[in-house]
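Visitor: Below: one structure in structure tokens.
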Amino acid sequence: MALQGSMSFAAFTFFLLLTTLPHEPHASSRGSFARNINPPLSGLCSSSVIVHGYQCQEHQVITKDGYILSVQRIPEGRGKGSGRRTSKQPVIIQHGVLVDGITWLLNSPEQNLPLILADNGFDVWIANSRGTRFSRRHISLDPSSPAFWNWSWDELVSYDLPAVFNYVFSQTEQKINYIGHSLGTLIALASFSEGTLVNQLKSAALLSPIAYLSHMNTTLGVIAAKSFVGEVTTLFGLAEFNPKGLPVDAFLKSLCAYPGIDCYDLMTALTGKNCCLNSSTVDLFLMNEPQSTSTKNMVHLAQTVRRGVLTKFNYVRPDYNIMHYGEVFPPIYNLSNIPHDLPLFISYGGRDALSDARDVENLLDKLKFHDEDKLSVQFIEEYAHADYVMGFNAKDLVYNAVVSFFDHQVNT
């Protein structure tokens, strides 16, 4: 699948790379994301789960700061054998940034993670972060208001994750297994380091984990991260970061004009080459994504790249930081504080240019005092970032291992 594409397509794929879910584009999908921006009105259950013969429920979760989140529940598998568990273990699945929960459901039922879990007897809950198409709601704010977008991934740590965990726990009255990909791993690690959620948590599987991003060192990646300074909101004049919108597209084109940067051939250079994506799955991906996030969230992610330290949002001005945190510099998320007896499964790829192996090893070093029998690490040499969500062989290489890991926690 060779890669030539329009400038706007290249710009979009770059931001998927920078923050979450890169994929390998192909000529037949050129520009298709710009023409398929309307979501299915019926929701993810009707469009992507029930059509395959599974039960699915649409739920709404309200965060403490008023956001109304869409959550899908798949309570059981398709076959009778899926009911083998007397007490089904709940699993929350969390996507990355600029995408939503549908990315987990693009492959066939035999190949996508939520339905594989359901068929293995788990009670599956798919989360959709604030700002994505089915979670663009608030008890008092409208998405057209800048106030609706005044948040970064700090708020996903403080509000979204706790709200979903509390809701699932109240519905199931059981400790929860968690699966995150990309930003879904970052917000989980930050939360675990602060001691929140751990009382409701049974175990966590982190796929393509990002906590440290120091080794995303391609020319375009570095320039983009440097460009996302605190004043970027003023530059755009927008609080919503909409990859389909003209202001964002113009900004990305300006980055692509830098000498030595070829936005027509950025995929292999930036993501590492995803080994195992079907072109039909990529077509579906481009029909449904990207999703909006807040510009403040993009700034926060760029701060993580530039500084190599995991901190809360840096307002840059000392007086602003003091106003928010009571100190000149933003507090650090200390991953060494993650409980040493928390069962963790970590899987990362050798070709992943976002979750670079050296950065994952830095994360693992922070976990060096973790109980040896509570930390399971998998390395897949040929995998890049999107393979973990859409790879046609992810079931055999990754998902079966996740199921075994969760099963082991039930028996210990």
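Placed from the backbone N, Cα and C atoms, the Cβ positions cover glycine too.
On a predicted model such as this, the values are computed, not experimentally measured, just so you know.
Below are the features I grabbed from TrEMBL:
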| type | residues | note |
| --- | --- | --- |
| ACT_SITE | SER182 | active site, nucleophile |
| ACT_SITE | ASP352 | active site, charge relay system |
| ACT_SITE | HIS385 | active site, charge relay system |
| DOMAIN | 50-107 | domain 'Partial AB-hydrolase lipase' |
| SIGNAL | 1-27 | signal peptide |
Visitor: Round to the nearest Å and give the CA-to-CA distance linking SER182 (active site, nucleophile) with HIS385 (active site, charge relay system).
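Guide: Rounded to a whole number, the Cα-Cα distance is 8 Å.
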Visitor: When the pLDDT values for the domain 'Partial AB-hydrolase lipase' (50-107) are averaged, what is the result?
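Guide: Mean per-residue confidence for the domain 'Partial AB-hydrolase lipase' (50-107): 89 out of 100.
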Visitor: Reported in the order helix, strand, coil, what are the DSSP residue counts of the domain 'Partial AB-hydrolase lipase' (50-107)?
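Guide: Result for the domain 'Partial AB-hydrolase lipase' (50-107), in helix, strand, coil order: 12 helix, 20 strand, 26 coil.
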Visitor: Using the alpha carbons only, what distance in Å do you get between HIS385 (active site, charge relay system) and ASP352 (active site, charge relay system) once rounded?
Guide: 5
Visitor: Which of these active-site residues has the least crowded Cβ, counting other Cβ atoms within 10 Å: SER182, ASP352, HIS385?
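Guide: Least crowded of the active-site residues SER182, ASP352, HIS385, by Cβ count within 10 Å, is ASP352.
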